[in-house]
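> Per Swiss-Prot, the feature signal peptide maps to 1-47; the stated evidence is sequence analysis. What Swiss-Prot lists as topological domain 'Extracellular' is 48-929, and the listing cites sequence analysis. Positions annotated as disulfide bond by Swiss-Prot: Cys293-Cys310, Cys323-Cys346, Cys326-Cys358, Cys674-Cys720, Cys730-Cys758, Cys827-Cys863, Cys839-Cys875. Summarising the annotation, Swiss-Prot assigns domain 'MRH' to 672-877 and lists sequence analysis as the type of evidence. Annotation source Swiss-Prot lists transmembrane segment at 930-950.
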Amino acid sequence: MLFRARGPVRGRGWGRPAEAPRRGRSPPWSPAWICCWALAGCQAAWAGDLPSSSSRPLPPCQEKDYHFEYTECDSSGSRWRVAIPNSAVDCSGLPDPVRGKECTFSCASGEYLEMKNQVCSKCGEGTYSLGSGIKFDEWDELPAGFSNIATFMDTVVGPSDSRPDGCNNSSWIPRGNYIESNRDDCTVSLIYAVHLKKSGYVFFEYQYVDNNIFFEFFIQNDQCQEMDTTTDKWVKLTDNGEWGSHSVMLKSGTNILYWRTTGILMGSKAVKPVLVKNITIEGVAYTSECFPCKPGTFSNKPGSFNCQVCPRNTYSEKGAKECIRCKDDSQFSEEGSSECTERPPCTTKDYFQIHTPCDEEGKTQIMYKWIEPKICREDLTDAIRLPPSGEKKDCPPCNPGFYNNGSSSCHPCPPGTFSDGTKECRPCPAGTEPALGFEYKWWNVLPGNMKTSCFNVGNSKCDGMNGWEVAGDHIQSGAGGSDNDYLILNLHIPGFKPPTSMTGATGSELGRITFVFETLCSADCVLYFMVDINRKSTNVVESWGGTKEKQAYTHIIFKNATFTFTWAFQRTNQGQDNRRFINDMVKIYSITATNAVDGVASSCRACALGSEQSGSSCVPCPPGHYIEKETNQCKECPPDTYLSIHQVYGKEACIPCGPGSKNNQDHSVCYSDCFFYHEKENQSLHYDFSNLSSVGSLMNGPSFTSKGTKYFHFFNISLCGHEGKKMALCTNNITDFTVKEIVAGSDDYTNLVGAFVCQSTIIPSESKGFRAALSSQSIILADTFIGVTVETTLKNINIKEDMFPVPTSQIPDVHFFYKSSTATTSCINGRSTAVKMRCNPTKSGAGVISVPSKCPAGTCDGCTFYFLWESAEACPLCTEHDFHEIEGACKRGFQETLYVWNEPKWCIKGISLPEKKLATCETVDFWLKVGAGVGAFTAVLLVALTCYFWKKNQKLEYKYSKLVMTTNSKECELPAADSCAIMEGEDNEEEVVYSNKQSLLGKLKSLATKEKEDHFESVQLKTSRSPNI
């Protein structure tokens, strides 16, 4: 039992009573007994029982002069029906108050409570009633009772907000049949308060396709306390074009309903708003009147609980019993119109061309058709006519894997055969197998596993239309019914599996889908590429806005599941009555899916044969084995190589691992086992990063959006080990979907990503007023390990020297390089990551992870991410070069040798310090004493001898001087000696010379014996020779 609220009279304010008031009138607010006595007094005054201020008698009241309403319910659940005079009416003799229906009474749908007799009556034609409910399905303007409150950083934003990027312009926007949420990063609440006399429920329909907006619905009481904190307030995502429904039970009393959205804008892409329509609230008391049908609708039966929409080319006014038809030749109208519109002259935007299926002659015709429904006129001035159809062209060949059997259609090749589309299907040669998949590059008819559709969230103009049309060498978006239609193209593939020879492989990639496209737009068109896994939920993988040149995009499939790939094209997101962007379109030239289950083959590839006999059927190779070309037998890949996921034929299918890496057991991936070796200046450095193999985390920020929303970048890094498994996990916690799926062990959850490096955006709880921090926008930064080296460049990934501070030691940094196999519009080669491991003995344990100061988000271009990981665990293992020995003193015949680390110590673990060494030795104390004594004695002796010889020398000098003086005095007294002349020619043969000099030995002897043997000194004087001697 519901009553329908429309326009400004539908809503109820905060704390209003439960009864639905009559239009333009307010119910009483006082308690029942006060109201009764007050009205009785008024009636007595009007009847003349009490003194009146005017002596003029009042006319008696007629039924048209007053209306009935109920008082508030008292504590016993009772109320009174009282008569209330209409405004600007003066009369006397109002009916007395009578006891009313119980407070929980209500009428059925299609009925109203006739207050005079207090009985339920059916609504008449042109009106409707919802009984004890209230419904909001008209959103031309915000209905009465609803309010918008925009908040930012827990601050209510009012009209006085003068910030240029404030939230004063953020609100829910009525769009006719639905209401649309904000698109910015403000928090906007759509609020409605209702007072229920009995338990009921609230029900609404919604579209919520973009997880960059947080959408929550919750209920509070009149004390602003949540009614049920255990209820999940997060609304689940819906598929594109799907209207989901949400309902919550309501308790009796005041219920304040909140539809709250918060946009998270971290990039330049615009978010898709939340849409809400058909809000129904059950549990209000009664309605005292039926409501007329809104314009564009009608009700032709008594007791209706809703109104029907007028069909196309008809219209109706308010309260209509039937719809009036427009003039067929000159007017038209859409469904639910309140008036007819004149038909405009036809233009080139009113028709489109298609290609007919091939006929038996292999020809296709170009046909021109008016856009349906046709609303233009050809008979007006300046109107164009439809171009002639029927021009024939040669049909394109069949798509690869299909053949033409002489009919006008193409058929898939039987299993085990292949065709390029121009020839008959042929069986694959011995030793080969079909390369299954789909390759659509000719578009004469829509393939059997594809379908197209059109929908609009605000109308049903294009329901049943083809969203896309084939056009020979491409397929293009169709005309649709409005410029804001979603034109949908779906491709369904039941699963993916590797070739037979690779069945045992454990590689992550199972297949890939590639499409070539271009967009031609004059407005804000958008092409969405979406993926649905196992028919659970459709997620937008990538989108392109505006005009885009012809390009290819590849999406990799990592698991075997049922996939539905969707291309959705929208010319503009603003709905308009006239067509302005009909010529905006998207063209897809080819779609290729590899390794598709139930696919067809355009070629054959080599496979491994059984060893029993030549030409036997294909057999799967064990993991890590390739097919040898000479024998077509399986052979294991060499060490330190991994098997290509695209082909296994030939030894070249085994791709060498990068530096510092090794293959896992299955040769499916290369990984680092956390050990690294490097030669430096004839010294071998050994690193062991095992203690850093667990996931390292970094919370970077904070950063702020244009409106000031604080958020953080959260990174998880799985450095090495674990046999190459991706241990870093990032999740979105907007709903509890992830937790439930993880507990259940399902592989279908999409809110969780695993990689070597991943990133999430964290919104702190205080930033948006949430009870807990929110994690969203989880992306994979690295899912493939490239290598580890001390060099700063590896496979086009370069770490600039000024990216991080210069190290303080001579220990080289070790660099781990990764990449992501998923390409994006901004990173056509995928993302890449470099992790610089730096030895820092002061950072114990897991150490510290940081990002470049120049790139606080970890990346400067959005494609390459850099991290510096400092830890003592990043130091090399200790060797004999990292310590030195210290010898102690010899004590008691023993000597100790100690070993200590070099300072500062730049190594960990490795070898340990040797034990102290104890060796025997000769004590040096005694010899030191002997040496000291001998030295002292020698010194004294030398001093004594010096003094002695000095004294003796003084005496000798004195005696010599005395002797010389004595000799000189005697020579003076003697007469002169005669001399004999020597004649010329004679020889002096008798000349004898006696020396007075002694040798050194003689001197020593004389000194030793002089005192004892000779008390006289003899001095030989030199004299001239005389003849008497």
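Glycine is no exception: its Cβ is also placed from the backbone N, Cα and C atoms.
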> Cys720 (disulfide bond): which of the disulfide-bonded residues Cys358, Cys827, Cys863 is the nearest Cα neighbour?
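That would be Cys863, nearest by Cα distance.
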> Looking at the disulfide-bonded residues listed here (Cys310, Cys323, Cys326, Cys674, Cys827), whose Cα lies nearest to that of Cys730 (disulfide bond)?
Cys827
> Within 10 angstroms of the C-beta of Cys346 (disulfide bond), what count of other C-beta atoms is obtained when all protein chains are considered?
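Excluding its own Cβ, Cys346 (disulfide bond) sees 22 Cβ atoms within 10 Å.
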> Cα-Cα, whole number of Å: Cys358 (disulfide bond) versus Cys310 (disulfide bond)?
41
> Do any of Cys323, Cys674, Cys827, Cys839, Cys875 (disulfide-bonded residues) have a CA within 10 A of Cys310 (disulfide bond), and if so which?
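Cα filter at 10 Å returns Cys323.
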> Find the one among the disulfide-bonded residues Cys674, Cys758, Cys875 whose C-alpha lies closest to that of Cys346 (disulfide bond).
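Nearest by Cα distance to Cys346 (disulfide bond): Cys758.
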> Could you check which of the disulfide-bonded residues (Cys323, Cys326, Cys758, Cys839, Cys863) sits closest to Cys674 (disulfide bond), going Cα to Cα?
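Of all the candidates listed, Cys839 is nearest in space.
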> Between the Cα atoms of Cys827 (disulfide bond) and Cys875 (disulfide bond), find the distance and write it as a whole number of Å.
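Cα-Cα distance, Cys827 (disulfide bond) to Cys875 (disulfide bond): 34 Å.
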> Select the closest residue to Cys875 (disulfide bond) from the following disulfide-bonded residues, measuring between CA atoms: Cys293, Cys323, Cys326, Cys758, Cys863.
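Checked the disulfide-bonded residues Cys293, Cys323, Cys326, Cys758, Cys863; minimum Cα distance to Cys875 (disulfide bond) goes to Cys758.
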> Non-local Cβ contacts of Cys323 (disulfide bond) (under 8 Å, 6 or more apart, same chain)?
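Looking at Cβ-Cβ distances below 8 Å from Cys323 (disulfide bond), excluding near sequence neighbours, one finds Phe298, Cys310, Pro311, Thr314, Tyr315, Ser316.
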> Quick check: of the disulfide-bonded residues listed here (Cys293, Cys326, Cys758, Cys863), which one has the Cα closest to that of Cys839 (disulfide bond)?
Cys758
> How many neighbouring Cβ atoms, not counting its own, are there within 10 Å of the Cβ of Cys293 (disulfide bond)?
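Cys293 (disulfide bond) is surrounded by 28 other Cβ atoms within 10 Å.
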